[in-house]
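Okay, structure first, notes after.
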Amino acid sequence: MRLYELSFAQIEDFFYKLAEVKDIIKDSGLMEFLPELKKLDSTIQTGTTRVKHAFPIFQKGGVVMDITNVQQAQIAEEAGAVAVMVLDKLPYDVRKSGGVARMADPKIIGEVMNSITIPVMAKVRIGHYYEAKLLEALGVDMIDESEVLTPADEEHHINKWEFSVPFVNGARNLGEALRRTAEGASMIRTKGEAGTGNVSEAVKHMKIINSEIRSLISMSEEDRVKKAREYQVPYQLVELTAKIKRLPIVNFAAGGIATPADAALMMWLGADGLFVGSGIFKSQDPDERAKAVVLAAACWEYPEIVLEAQKMISEQKSMMGIDIKSLKPEELLQVRGL
C-alpha cells in the first residue's frame with residue numbers, strides 16, 4: 001500500500017504505535033542488547049523548530065480541554081480530547097476569585113501526566129520565563145503563555161526560541177499572531193474572552209485575523225513592507241503569510257466556547273481546532289458535554305451530526321454565561337499581552 005493511500009488518522013495511529021513499541025523495548029531493558037536501536041534512540045532529535053511546529057499539527061481538528069485535576073483529565077481523555085490544559089483554577093473561577101493567578105501546582109500536573117495517555121499542556125504567566133523553565137523540566141508537552149493568568153511582565157513575552165518545548169499564545173488580530181510567531185510560538189489561539197461562556201469575542205477575533213490575512217494577500221510588496229513595520233515583525237513572515245493565505249502556524253479558537261454549536265461555528269470560521277475552558281467543567285453535565293463538543297468539532301461540516309451532538313446536552317445545565325458588555329475595561333483578560 002502506498003503512503004498516499006493511507007488516511008491521516010492511519011498514519012497518526014502508526015506513529016503512536018511505533019512510539020509505544022519503542023517505549024516498551026526501552027522500559028524492558030532490551031535496548032542495552034540492541035545496539036542499533038540504542039544508537040537510533042540517541043540520535044532522535046527533540047526540541048528542534050521542525051519538531052516544535054509539527055507537534056500542534058497532530059492536534060488539528062481536535063479539542064484541548066482545560067482541567068484542574070486527575071478526574072477531569074480522565075473525563076477529557078474518555079471524551080476524545082486531543083490534549084488537556086492544566087490550570088490551578090478554571091478561567092471562570094480565576095475571573096470570580098480575583099487576586100493573582102499563577103501556574104498550576106507541579107504536583108497536580110505530574111499526577112495528571114501519570115494518569116492519562118494524551119498530551120498534557122499547562123499555562124504560565126505572560127513573561128514569566130522561570131515558570132516556563134519549570135514546566136519544561138517537568139516534561140509537559142506544550143506551554144501556554146496565557147493572558148488568563150496574571151502577567152508577570154506587562155511589556156514583554158517570553159523568548160520561546162530558547163525552549164525545547166512548543167508554546168501556544170493568544171491573539172486578537174494578525175499583528176498579535178505574527179508577533180507571537182516571531183517570538184517562537186508554535187501555535188496561536190484566538191483570545192476570545194475566557195471564563196465567560198460567551199463565544200462572541202472568539203468569533204470577532206477569528207474574523208479579524210481572517211480578514212487581515214485577506215487584505216495582506218491583495219497588497220503590493222511596498223504595502224506589505226509597511227505592514228511588517230506596523231506589526232513589528234520580519235517582512236519575510238508577512239510575505240509567507242500572504243503566500244500561503246493563512247497563519248504560518250496552527251491556529252486554534254478559544255474563549256467562551258460552551259456548546260457543540262459554538263464548537264462547530266468556530267471550526268466553520270476556519271479554526272484548526274479548539275480550546276474549551278470553563279464551558280465543560282463549569283457545566284452540570286461535563287461528561288456528556290465533553291463528548292458532544294468533541295463530536296461537533298470533528299463533524300462540523302455535517303449539521304445533522306452537530307444537531308445530534310447538541311441534543312446530547314441540556315441548555316439548562318450549561319455554565320452561567322457572562323455578557324461581555326457587563327465587564328469593565330479592567331476586567332477584560334484579552335487586553336493582556338499585546
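Glycine residues also receive a Cβ, built from the backbone N, Cα and C atoms like all the rest.
Listed in Swiss-Prot for this protein:
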- ASP66, GLY195, GLY256, GLY277, SER278: D-ribose 5-phosphate binding site (BINDING)
- LYS123: active site, schiff-base intermediate with D-ribose 5-phosphate (ACT_SITE)
- LYS207: D-glyceraldehyde 3-phosphate binding site (BINDING)
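Look at GLY277 (D-ribose 5-phosphate binding site): DSSP puts it in coil.
Within 10 Å of the C-beta atom of SER278 (D-ribose 5-phosphate binding site) sit 27 other C-beta atoms, taking all shown protein chains into account.
With a 10 A radius on its CB, GLY256 (D-ribose 5-phosphate binding site) counts 28 other CB atoms from all the protein chains. According to DSSP, LYS123 (active site, schiff-base intermediate with D-ribose 5-phosphate) is assigned to a strand segment. Taken residue by residue with DSSP, ASP66 (D-ribose 5-phosphate binding site) is part of a strand.
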